[in-house]
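Visitor: Quick one: the structure is below, and I'll ask about it shortly.
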């Protein structure tokens, strides 16, 4: 998908775990930038020092909104078709150079982090009726672990319209805003962030997305916010702490429904920078098993994040015995 981060020339290849490409000279094609699949800042066209920038800021004719990390991209003048993804509440925008993930904008006309927005006209089902428009927000996998996991092939994300989600490690709310789009006005996102600086941005975002409940607290102390949360359908965890498995476990005991889902992003270097990432991932999965989580799948977040894994689990706090 089209979120490459290229540069000034030379085929840099998969800078962060990408797929090939030599370094090249100053005027080369600058390949898979930060681990994308080809095309740098200006798309696939070779640039040279004085050459055209290509799709850098708006597609082939350099319109105003190009794909610098997927923020304001798209091919100028091309019709975009938006189709449902297999995960409910997630969509795929087709028609540009590459397919892009998207969510329905819960607050039409506003972006959260400078992401591109696409408006699609919906024909009226009644003859002679007025058509309506739906606005979508492009979801950048370089800015969201959940988007990276979906592109990596997650079988299930456990959340859909109407779901209640506990999001641990909400930061300034970039990913949270897309989760809020997915669950929609009938769902809720309880977003926990310890940093007061990021918490301010999170609160500002939540003033417009009223299904987001910002909680500026330490996720290690869930009793501090127990009165704010009901039982939730899924926990998404991106806390990047050495004891993150324990943090998830104590929150699950208080808030996660029996049979609920867990998606946890594991950053190997935050847990043990001396051990191989695969060994760290295996150790964390074992800790999750001890807390009654049953792993369903594990996948890497390359090329969007280096030495990260996403683990999907089902929570079974009670032991079931077959008669």
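Just so it is clear, glycine is given a Cβ too, placed from its N, Cα and C backbone atoms.
Okay, so Swiss-Prot annotates it like this:
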- 174, 175, 193, 194, 218, 219, 238, 239, 240, 241: S-adenosyl-L-methionine binding site (BINDING)
- 8-76: compositional bias 'Gly residues' (COMPBIAS)
- 5: asymmetric dimethylarginine (MOD_RES)
- 8: asymmetric dimethylarginine (MOD_RES)
- 12: asymmetric dimethylarginine (MOD_RES)
- 16: asymmetric dimethylarginine (MOD_RES)
- 26: asymmetric dimethylarginine (MOD_RES)
- 30: asymmetric dimethylarginine (MOD_RES)
- 34: asymmetric dimethylarginine (MOD_RES)
- 41: asymmetric dimethylarginine (MOD_RES)
- 53: asymmetric dimethylarginine (MOD_RES)
- 57: asymmetric dimethylarginine (MOD_RES)
- 62: asymmetric dimethylarginine (MOD_RES)
- 68: asymmetric dimethylarginine (MOD_RES)
- 1-80: region 'Disordered' (REGION)
Visitor: Around the Cβ of residue 174 (S-adenosyl-L-methionine binding site), how many other Cβ atoms lie within 10 Å? Please give the count over every shown protein chain.
Guide: 19
Visitor: Around the Cβ of residue 238 (S-adenosyl-L-methionine binding site), how many other Cβ atoms lie within 10 Å? Please give the count over every shown protein chain.
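Guide: A count of 21.
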Visitor: The record lists 174, 175, 193, 194, 218, 219, 238, 239, 240, 241 as binding S-adenosyl-L-methionine. What's the largest Cα to Cα distance among them, in Å, rounded to a whole number?
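Guide: The S-adenosyl-L-methionine-binding residues span at most 19 Å between Cα atoms.
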Visitor: Starting from the Cβ of residue 218 (S-adenosyl-L-methionine binding site), draw a 10 Å sphere and report how many other Cβ atoms land inside it.
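Guide: The answer is 12.
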Visitor: Drop a 10 Å sphere on every Cβ of the binding-site residues 193, 240 and tell me which sphere holds the fewest other Cβ atoms.
Guide: 240
Visitor: In DSSP terms, helix, strand or coil for residue 174 (S-adenosyl-L-methionine binding site)?
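Guide: The residue in question, residue 174 (S-adenosyl-L-methionine binding site), is helix (DSSP, three-state).
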